[in-house]
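*Asks:* Here it is, the structure, as structure tokens.
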Amino acid sequence: MKYTSAATKPGVFPEHHQHAMMRNRYHPHHCNYSDNRSAIDIIAELGSESNAHGLAKIVTSRDTKRKVIWALLVIAGFTAATLQLSLLVRKYLQFQVVELSEIKDSMPVQYPSVSICNIEPISLRTIRRMYFNNESQNLITWLRFIQKFRFEQDSFMNSIRAFYENLGQDAKKLSHNLEDMLMHCRFNRELCHVSNFSTFFDGNYFNCFTFNSGQRLQMHATGPENGLSLIFSVEKDDPLPGTYGVYNFDNNILHSAGVRVVVHAPGSMPSPVDHGIDIPPGYSSSVGLKAILHTRLPYPYGNCTNDMLNGIKQYKYTFFACLQLCKQRLIIQRCGCKSSALPEVPSYNATFCGVIKDWQEINRNHSNEDHNQSEEDRAFIPTPYLACEEREQKNLNNDRTYELSCGCFQPCSETSYLKSVSLSYWPLEFYQLSAVERFFKQERQAGQNHFMKTAYEYLEKLAHPSQKHLARNDSHMDDILSKSYSLSEKEMAKEASDLIRQNMLRLNIYLEDLSVVEYRQLPAYGLADLFADIGGTLGLWMGISVLTIMELIELVIRLTGLVFNSEKGLPRGPTTVNNNNGSNNHSQSTSQHQLYNGYMDHDSHYSDSAGASVFDFRRGVESPV
């Protein structure tokens, strides 16, 4: 059968023009629609022009099967995108962090605070002076008291802490003074003095002294010559004949000579027991430092804090100090007393757990008892508060769950220092006389040291008259080298050297490197990463971009306007205005007729042996030719 071209019938279009006519139906340039069209028309129009994958296919496809297939594909893509987006949001809400290390060379380095304690808390020289001045009655009474009675915690009652808890200010009077200990001080090539130190009290070491507690000194050079150099006298005088202390085998930090040194962040609270290092006498100790800066993220990525230290305002906040104060509060709450091993909380008014109430009265009531009697025969004094403290201290040290209730977090910014310690024999015997002579004659406080006077007198007697000028004149070298010393002189020289090396030490604390290693926390998956992955997910599964979202916003705006117009009673759909007796209808029909004729003039004839049909847009049906 022969088919006739669709152009032979007016208003009938060939099949290859049908898709174009459907698109033109919803295109604003080809339809005379007003802004008050129906919601379906608006959705269809924007759907046919949408950049999202699949939506235009659903709207423009004439075949129902194609519409269903594309609809299923769009639903599948939407489901996959939703699942992946939920995983991305869950990953973001975990607020994980990564830690990066960076070496900074251009920033000034803060010099740390340096806290120094004499390892032997009590000055034997002070005890000697108080003894001869009859000022040590309480000390002697206490020593007799602990020997006369038996305690459940005998080890503690013989400790320096029990001595302080029961004698209070009398015990503090026996502690060391910086004026007696400090023989020489130099910082950054300039002299420093006692006034550059602040004093704090520790229950284990008594008086301790801090350099750079509030000055915030900055360093711009490395090496021992540009750091802090100190020469100390540890005041290791021989005890009175026949007087000896009690060695406490349960104490691992006392009963030795030297100083305990803590290098800590400027303005932070020192803890000599936990963070200190021992510096022995008779050596020159060098402590090299390298600054490390920790920068942490606050909530929600972390739990760092910028709060002040609760309870002790003169110190900066540190995690360790917060825990120590929390331990003290817990012991006070559970035992009704405080511990001298922990920092005091000013807001709590409590006595020490090791205090024996009315111990002096008890001692007087048992004055007739022999303090040399056997342990079994000694009277027993219970100490329930001390037992509670020891029990709680043990529990807190073995179980850290208490930290959850303390509310202690790491500071958001914190400086720490890596330490490397080295020792060398000091001072050499060859230079001892020159050093002692200067300290003895020029340094005011050095003249008060008994060992200094004795050592200087011994060495002065042994010195050759020309030995002091050996550096300038070697004409008497033969006399010096050929001189022989008697056994007593050699013993005198050895005793003088031993006195110097048993009492003196040199400490150098300096920066090894001006670069600061910063460990900085960064979000492992930030908001920018989330937005980037959301864009990639929507683009992969649905072809949606920001512009596509703008199209959706436009749809919402136009539908909202449609609702408002309908509430005002405005017509919806195509608008026809009758002016001059239907001239508008005539114009519309004329334009449609011209459009149909344009398609008919453009089309060609099609032929086929099976038959022919055309689509009549005026009736919306196919008609055979």
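Heads up, residue numbers simply count up from 1 along the chain you see.
Yeah, the Cβs are placed from backbone N, Cα and C, and that goes for glycine too.
Here's the feature list from Swiss-Prot:
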- 575-591: compositional bias 'Low complexity' (COMPBIAS)
- Asn134: N-linked glycosylation site (CARBOHYD)
- Asn196: N-linked glycosylation site (CARBOHYD)
- Asn303: N-linked glycosylation site (CARBOHYD)
- Asn349: N-linked glycosylation site (CARBOHYD)
- Asn365: N-linked glycosylation site (CARBOHYD)
- Asn372: N-linked glycosylation site (CARBOHYD)
- Asn473: N-linked glycosylation site (CARBOHYD)
- 570-591: region 'Disordered' (REGION)
- 1-67: topological domain 'Cytoplasmic' (TOPO_DOM)
- 90-536: topological domain 'Extracellular' (TOPO_DOM)
- 558-625: topological domain 'Cytoplasmic' (TOPO_DOM)
- 68-89: transmembrane segment (TRANSMEM)
- 537-557: transmembrane segment (TRANSMEM)
*Asks:* Please work out which residue of Asn134, Asn196, Asn303, Asn365 has the most C-beta neighbours within 10 angstroms of its C-beta, and give that one of the glycosylation sites.
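*Replies:* Max Cβ neighbours within 10 Å, all protein chains included: Asn196.
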*Asks:* Rounded to the nearest angstrom, how far is the Cα of Asn365 (N-linked glycosylation site) from the Cα of Asn349 (N-linked glycosylation site)?
*Replies:* 30
*Asks:* Give the mean pLDDT for the topological domain 'Cytoplasmic' (1-67) on the 0 to 100 scale.
*Replies:* 60
*Asks:* If you measure from the Cα of Asn365 (N-linked glycosylation site), which of the glycosylation sites Asn134, Asn196, Asn303 is the nearest?
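*Replies:* Looking at Cα distances from Asn365 (N-linked glycosylation site), the smallest one goes to Asn134.
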*Asks:* Would you mind reading off the Cα separation of Asn196 (N-linked glycosylation site) from Asn134 (N-linked glycosylation site), to the nearest angstrom?
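*Replies:* Approximately 34 Å lies between the Cα of Asn196 (N-linked glycosylation site) and that of Asn134 (N-linked glycosylation site).
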